[in-house]
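Asks: In case it helps, Swiss-Prot gives these features for our protein:
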type	residues	note
BINDING	F8, S9, G10, G11, Q12, D13, S14, T15, T16, C17, L18	ATP binding site
BINDING	C187, C196, C199, C202	Zn(2+) binding site
Amino acid sequence: MSKAVVVFSGGQDSTTCLIQALTQFDEVHAITFDYGQRHNEEIEVAKALASQLRIASHKVMDVSLLNELAISALTRDDIPVSHELMENGLPNTFVPGRNILFLTLAGIYAYQLGANSVITGVCETDFSGYPDCRDQFVRAMETALCLGMDKQINLLTPLMWLNKAETWALADKYHSLTLVKELTLTCYNGIIGQGCGDCPACHLRQKGLDDYLNHKPSVMASLEQKTHGKSA
């Protein structure tokens, strides 16, 4: 029996990954991390979607220690989300160490479940400048997990080379465009669905949706080319 663990935030990307995983694996589990993020609605959205999609299990893990260590606009209510980069060239929504911690814990959870695959929705094509969304980082983490636990743990990144329009196309391919559009939470200001329309996450999400809806045939063709027409 094939098993997978999806790192699941309830946002567009991880929800699309979860929907795809349900077509690829016999047993799909999700893990959501409560790190004291700016909006707790994210946790509730993830719970609701996990229930609606009828996955094998959904674990919510308290990692509030990350909030103590990582100062970011996503972990502090008194730091407004900025469209400008910080002095180090990163957006102020970057949470240092977040994906290092998330992938490590998801790998440990997969080990306990007897799962060989951990799926994460990080993307290098349309990424927001986060260094822990790069393929190079994910491959390094995969090597570390395999060596550290003496077990093959595959870190799968279905969206890594897709742009946001192609990610919308992927959701549509699995007949879930409306679900992802209306029920997921990507907005940095905690507004479900279309979001606030002003934060960087909303801009990227809406631009991708507009691009997909205005150029459906070409975007779907591009998606198929990148995925070689496979569902896996």
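Each position is counted from 1, following the chain as shown.
Every residue, even glycine, has its Cβ placed from backbone N, Cα and C.
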Asks: Distance check, please: Cα of C187 (Zn(2+) binding site) against Cα of T16 (ATP binding site), rounded to an integer number of angstrom.
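Replies: Cα-Cα distance, C187 (Zn(2+) binding site) to T16 (ATP binding site): 16 Å.
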Asks: Where does C196 (Zn(2+) binding site) sit by DSSP, helix, strand or coil?
Replies: coil
Asks: Rounded to the nearest angstrom, how far is the Cα of Q12 (ATP binding site) from the Cα of C196 (Zn(2+) binding site)?
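Replies: Each residue's Cα considered, C196 (Zn(2+) binding site) and Q12 (ATP binding site) end up 15 Å apart.
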Asks: Out of C187, C196, C199, C202, which of the binding-site residues has the smallest number of neighbouring Cβ atoms within 10 Å?
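Replies: The binding-site residues C187, C196, C199, C202 were compared, and C196 has the fewest Cβ atoms within 10 Å.
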Asks: Reduced to three states, what secondary structure does DSSP give F8 (ATP binding site)?
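Replies: Going by the DSSP assignment, F8 (ATP binding site) belongs to neither helix nor strand, so it counts as coil.
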Asks: Can you tell me the CA-to-CA distance separating T16 (ATP binding site) and C199 (Zn(2+) binding site), as a whole number of Å?
Replies: 21
Asks: Determine which residues of the same chain, besides C187, C196, C199, C202, have their CB within 8 A of the center of the CB atoms at the recorded Zn(2+) site, and list them by sequence.
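Replies: Here the non-site neighbours turn out to be T186, Y188, N189, I191, G195, G197, D198, P200, A201, H203.
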Asks: Rounded to the nearest angstrom, how far is the Cα of C202 (Zn(2+) binding site) from the Cα of G10 (ATP binding site)?
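Replies: Cα to Cα, G10 (ATP binding site) and C202 (Zn(2+) binding site) are separated by 15 Å.
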